[in-house]
Structures are given as C-alpha cells and as structure tokens.
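Enquirer: Among the features that Swiss-Prot reports, signal peptide is placed at 1-20, with the record citing sequence analysis. Residues or ranges marked as coiled coil by Swiss-Prot: 62-106. Residues or ranges marked as disulfide bond by Swiss-Prot: Cys105-Cys333, Cys116-Cys325, Cys119-Cys322, Cys124-Cys315. The N-linked glycosylation site annotation in Swiss-Prot covers Asn196, Asn257, Asn285, Asn311, Asn351, Asn412, Asn430 and rests on sequence analysis.
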Amino acid sequence: MKPSLLVFTVYLLWLKDCHCAPTWKDKTDMHGNLKGFSEAGDIDVDEEVKKALIGMKQMKIMMERREEEHTNLMKTLKKCKEEKQEALKLMNEVQEHLEEEESLCQVSLTDSWDECKSCLESNCMRFHTTCQPSWSSMKNTVEQFFRNIYQYLFPFDEDNEKDLPVGEKFIEEDAQVAQIENVFNQLTVDVRFLFNRSLNVFKQMQQEFDQTFQSYFMSDTDLMQPNFLPALSKEPRKKADPVQSWDIPSFFQLFYNFSLSIYHSISTTITKTLNAIEDLPKQDNDSNHGSLSSKTLPVQHRGPYGEFGQNLSECFQFHARCQKCQDYLWEDCPDVPELHTKVDEALELVNISHQQYAQVLQMTQHHLEDTTYLMEKMREEFGWVADLANQAPGAENIFDSTKMVPNIHEGNFSKQDETMIDLSILSSPNFTLKIPLEESAETSNFISYMLEKAVQHFKKHFKTW
C-alpha cells in the first residue's frame, strides 16, 4: 500500500470517529427536518406577519389622527397671523394719525406758547434777578421748560419701535411655518407609502389569514390592539403646554374697557407739582432776596424739569395768573392725548398677538417632533413587513429552509459548535443563520428560535424611508 493511500484511509477513519462530517443517515435526517421546519415555520411566520400588519394598520390610523390635529394647528396659526397683521395695521394707522395731529398741534400752539411765555415773563419780571442772572437765559429756561413739559406729557417710547415686528421677522416666521408644513407632508407621504407596501404583503398572504383579521385590516375601523403595539421608549419627552382651546378670541375685544389715560395721570402730576410750589412759605421779597435764590422744588416733584427748581420756584407761584400755561395743550390739541393712549393700546395689542402666534407656532413644532418620533418608533418595530412586498409573489411557502449543514470552527475539530441554515420568507433572498448547539433540531423551541432570528434579520436590514 502506498503511503499516500494509507494516509487518506487513516484520515477518513478519523473523520468517522470524530463525527465531524455528517453521515448518510445524518444528511437524510437533516433533509427531512428541513421540510418539517418549513411546514411548522409557516404557522409561526403567519403570526409574526399578522402582528406586524396590525402594527402598520395602527401606524396608519395614528398618522391620520395626527394629520387632523396638524390641520387644526395650521388653521389656528393662520388665524393668529391674520390677527397679528391686523393689530400691526391698526398700530400703524393710529401712529400715523398721531404724527399728523402732533404736526398740526405744533403750528396751532405757537400763539398759545407765546401767550404763556409772556404771562410768565411779566409776572416773573420782579424776580428776574433771582430767577436768572440775565433775562435772555430766563427766556431760554422757560422755552426749555415747555419742551420738557411736552416730552413729559407725551413720551412715545422709542424702544417700543424696536419691539414691533418687522418685515424680516415675518419672513423668518413664514419660512419656519413652510418648513414645518413640508416636513409633515413628507412624513404623511412616507407613512402612506409604507402602509401601501404592507397592503401588498397582506394581499399576497390573504388566504393565510382568518376572516376577522381580513375584515379588520381592510376596514377603516379604529380597532386598537395594545398587545401588538410597539414597545416604545419609556424616556420622558417634553411636551408643550396645551392651550385651553383652538378658538382664538378676538383680540380687538381685549381692551374694550381699557382705562389707561395719559391725560389724567400727567395732568394730576403737573397740578400736584405746581400746588407744591404755590404752598411754599411766603417770604418778604424786599428783605429775603438772598434766601429766595436757595429755594428748590421738593425732590419728589422735580421730574423732567427739576433743574429749574432752584431759581424759578418763586416765578412759578404765579402760575394761577397764567392758567394758559396749564391748559393750552388741552384746548388747542384735544386729540393728541387720546391718540397717545390709543397708540399704547394698539402697541399692547400687537405684543399680545405676537406672543399668541409664537405660542401656537411652538406647539405646532412640538407636535411635528412628537409625530416624527412616534412614527419612527412604529416603523422600526413593524416596518420590516413592508420589505416583503419587494419580493415576487407566488411563493409556495411563507417560510422556507433550503439547506442545513453543520459548521466546523476553524482550528477546533473536536466538536460541532453550531449549525448553518439557509432561510427565506416568502420569496425573499436566502440568508444564513447560525444555530448554536444548545438550540439543536431536537429541541422544542428550535422553530421559534429560527423565526425570531429571521425577524431580527429583516428588521436589521430593513431600509429606512
């Protein structure tokens, strides 16, 4: 016997003793098991596919609910935008009217201002040495006094102009709304497409399902199946504060009884200030000229014209003789105080409408994020079944196992660690599973184990939308 033939014979005997290669009986048993696996697997795969189809049905129903909520939010957002634009339009109209009235007021007040200044000048003539060192500076002081009084009476807050919504703000908000709408619409299309693919799978396997399930899946009835819903993440998610109702009240009724009045508040302040000056202790003018120069207005009444208190306190105690100085604004410009009040009200209206719009916009954004999160979780759990629609119809079996051979680990010829099985669901391409030794064909849960691994394979390789 040649040495090479001897070595080959010894090698075959060694393989037989080690059971590293399957015997003819083993191969026959494996082939029989494959047929049994396919038949038993059809039953289990049927249930898994049914669960996934129910999940896809619930995904469709939930998306339809979310779509209706999104539509209501967008309608509310549109209404808020219209209210905000109307408030801004009103604000601009009132402000424009105020500017016109103030311009006319400046012209009509020229004579009144001259009368007031003349009255003060004549009554303060005897005190001009104490009021100011020179008469020219006295006139300048009186003119400055009137300018400050007018600014104090009608202070239009320049900062409010910065707070008003500008064109860039509207453009930014419109772009954000358009993006939300586009993302939600795309999500709706994706969910419908995924469900339609699942519907194709249902039609391929329709004869495998009972009549109750067929009726449910093809109907629009919202039949919740909590046992089949996905186990979504239990991590808490932040929710936007819900509004009381989608109905937005008319903003133009909020300030119907608005009682702010600049005229009354400022008029009261001026009256108190002048009365405080008038109540100063009367001094002997001939003997107390020096002391008069040291008189000052009370600190709390200096206001915007407190700088005139030191030397003009005695001059202004004659304001009763110059009532024109106190009433000229109300007589010649009666609409200006009211218009300032309306401007403040309109500005407040703009701010409230802007805040309301921002609140609804934030709710819409949160609603989109929550919907996307929920649909993604359901897609991850059930979407794999839609991938079966890519396979050609007409497969005889739902679940096929085409080949099962022992696997020998490299470098370890002493034992069989796992079995290699080629599987397919419907007409999907074959994929290979490695079955560990403890999950052998003789164990009762072998089919369940293979099916679980097959479903995991589909989920892992499921294409994202």
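Glycine too: its Cβ is placed from the backbone N, Cα and C atoms.
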Enquirer: Around Cys105 (disulfide bond), how many other C-beta atoms are within 10 angstroms of its C-beta?
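Expert: For Cys105 (disulfide bond), the 10 Å Cβ neighbour count is 18.
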Enquirer: How many Å lie between the Cα of Cys333 (disulfide bond) and the Cα of Asn196 (N-linked glycosylation site)?
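Expert: Computed Cα spacing between Cys333 (disulfide bond) and Asn196 (N-linked glycosylation site) is 72 Å.
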Enquirer: Measuring Cα to Cα, how many angstrom lie between Asn351 (N-linked glycosylation site) and Cys105 (disulfide bond)?
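Expert: Cα-Cα distance, Asn351 (N-linked glycosylation site) to Cys105 (disulfide bond): 29 Å.
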Enquirer: Have a look at the recorded positions (Asn196, Cys333, Asn351) and report the one with the fewest Cβ neighbours inside 10 Å.
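Expert: Sparsest of the recorded positions Asn196, Cys333, Asn351 by Cβ contacts within 10 Å: Asn196.
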Enquirer: For Asn196 (N-linked glycosylation site), just give me the three-state DSSP call.
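Expert: Asn196 (N-linked glycosylation site) sits in a helix per DSSP.
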Enquirer: Please work out the mean pLDDT for the residues of the coiled coil (62-106).
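Expert: Computed over the coiled coil (62-106), the mean pLDDT is 89 on the 0 to 100 scale.
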Enquirer: Whole-number Å distance between the CA of Cys105 (disulfide bond) and the CA of Asn196 (N-linked glycosylation site)?
Expert: 72
